[in-house]
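Peer 1: Structure provided below as structure tokens; questions to follow.
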Amino acid sequence: MLRVLTGDRPTGRLHLGHYAGSLGTRLRIQSEHECFFIIADLHTLTTRHGRAQLAELPALVRELVLDYLACGIDAQRAVIYLQSAVPEVTELAFIFANLVTVPRLQRIPSLKEMAQAANLSELPFGLLGYPVLQAADILLARAHLVPVGKDNESHVELTREVAKRFNRLYGEVFPLPRALLSDCATLVGTDGQAKMSKSLGNAIFLSDDEETVRRKVRAMYTDPARTRADIPGRVEGNPVFAYHDAFNPNTDEVAHFKERYRAGRVGDTEVKDALARALNTFLEPIRARRAQLEQQPAYLARVLEEGCARMRAEARKTMQRVKEAMGLSARPLVHLP
């Protein structure tokens with residue numbers, strides 16, 4: 001059985017983009033592999049470290065646990081844990097920081113994108129070291145597979161480099177993890193301009209109610225050149241059809257819509273209404289489970305507490321191996337006269 005690690009920063013409710021990115025993959029593989037799902041609260045400090053932002057963290061962590069369980073993550077099988085509750089990760093990150101050069105980190109494209117999204121004019125040390133901490137997350141769990149979106153594949157590649165260099169210097173301690181990419185490309189936002197994001201206001205959340213989903217779908221960007229239903233439209237690059245492909249299980253219906261859309265024989269409203277129905281059918285069981293879980297705060301706390309304990313046990317095993325390999329294991333004290 002292979003070991004899996006992936007997770008999310010607690011910055012808001014999960015949305016369809018998360019599901020299409022790696023969450024759907026997690027659900028499919030949790031019965032086949034040993035899964036660790038990290039709530040990466042330390043990673044949020046790289047772009048959200050103000051006092052007011054930190055005060056929001058407990059509620060955001062709770063939202064993430066709710067979304068995980070509502071989607072179908074099985075807390076009996078998988079380990080759901082809070083990054084900051086496992087102090088070994090920062091110890092391992094410091095060790096790894098000595099195996100990676102600054103120019104190598106500067107070549108990771110997502111770091112500049114994160115800095116721009118957070119309106120940072122300069123790259124803080126913490127953000128520059130984000131991939132190193134991520135490597136520590138992955139290798140502390142001794143993970144073999146890392147479900148990620150395409151935009152984070154470079155982070156997994158860096159993790160492989162770190163593991164290879166450590167193993168070459170000190171002996172075989174870590175597996176070489178590989179990225180497990182979603183079958184779905186990065187899901188664009190409802191505005192068609194960028195990937196789905198809470199901060200950009202272009203997200204459909206997994207917890208959105210039926211009417212909210214319908215309203216957001218009706219407002220979705222389509223083909224701007226198509227001003228009438230009888231004008232042939234573009235399916236490629238059209239967010240409405242990207243969402244149909246990702247979430248509408250009726251492939252015959254989707255294929256028929258595409259054929260008619262290209263021929264100018266169906267209007268945007270009909271295609272969007274069908275999408276809203278498909279999304280609400282997909283989201284309804286998630287909403288129902290979430291409503292039940294919201295009434296069980298003690299259970300939510302227990303899931304996280306038990307997950308943190310299980311991960312701490314694994315972290316101690318890993319760090320013992322790391323220190324023994326490096327010659328850093330505890331030695332008897334020298335009693336000076």
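Positions of Cβ are set from backbone N, Cα and C atoms, glycine also.
Okay, so Swiss-Prot annotates it like this:
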{"type": "BINDING", "residues": "ARG9, PRO10, THR11, GLY17, HIS18, GLY149, LYS150, ASP151, LEU187, LYS195, MET196, SER197, LYS198, SER199", "note": "ATP binding site"}
{"type": "MOTIF", "residues": "10-18", "note": "motif ''HIGH' region'"}
{"type": "BINDING", "residues": "ASP137", "note": "L-tryptophan binding site"}
{"type": "MOTIF", "residues": "195-199", "note": "motif ''KMSKS' region'"}
Peer 1: How many of the residues that make up the motif ''KMSKS' region' (195-199) does DSSP mark as helix, as strand and as coil?
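Peer 2: Grouping H, G, I as helix and E, B as strand yields 0 helix, 1 strand, 4 coil.
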Peer 1: Between LYS150 (ATP binding site) and the residue listed as 'L-tryptophan binding site', how many Å separate their Cα atoms?
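Peer 2: The residue listed as 'L-tryptophan binding site' has its Cα 19 Å from the Cα of LYS150 (ATP binding site).
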Peer 1: Based on the record's binding annotation for ATP (ARG9, PRO10, THR11, GLY17, HIS18, GLY149, LYS150, ASP151, LEU187, LYS195, MET196, SER197, LYS198, SER199), what whole-number value in Å is the widest Cα to Cα distance?
Peer 2: 20
Peer 1: In sequence order, which residues at least six apart in the same chain have a CB under 8 Å from the CB of LEU187 (ATP binding site)?
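Peer 2: LEU16, GLY17, ALA20, GLY21, LYS195, MET196, ALA242, TYR243, ALA246 - these are the non-local Cβ neighbours of LEU187 (ATP binding site), listed in sequence order.
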Peer 1: By DSSP assignment, list the helix, strand and coil residue numbers for the motif ''HIGH' region' (10-18), in that order.
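Peer 2: Once the DSSP states are binned, the motif ''HIGH' region' (10-18) shows 3 helix, 1 strand, 5 coil.
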Peer 1: Are there any residues in the same chain, six or more apart in sequence, whose C-beta is under 8 angstroms from the C-beta of HIS18 (ATP binding site), and if so which?
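Peer 2: Counting only residues 6 or more apart in sequence, the Cβ neighbours of HIS18 (ATP binding site) under 8 Å are ASP8, LEU206.
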Peer 1: Where does LYS150 (ATP binding site) sit in the DSSP three-state scheme?
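Peer 2: LYS150 (ATP binding site) sits in a helix per DSSP.
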Peer 1: The motif ''HIGH' region' (10-18): mean pLDDT?
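Peer 2: Here the predicted model's pLDDT, averaged over the motif ''HIGH' region' (10-18), is 94.
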Peer 1: Cα-Cα separation of the residue listed as 'L-tryptophan binding site' and ARG9 (ATP binding site), in Å?
Peer 2: 13
Peer 1: For LYS198 (ATP binding site), which residues in the same chain are close in space, meaning a Cβ under 8 Å from its Cβ, but six or more apart along the sequence?
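Peer 2: Once residues fewer than 6 apart are set aside, LYS198 (ATP binding site) is near THR11, GLY12, ARG13, HIS15, PHE205.
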Peer 1: So, in DSSP terms, is LEU187 (ATP binding site) helix, strand, or coil?
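Peer 2: Once the DSSP labels are grouped into three classes, LEU187 (ATP binding site) ends up as coil.
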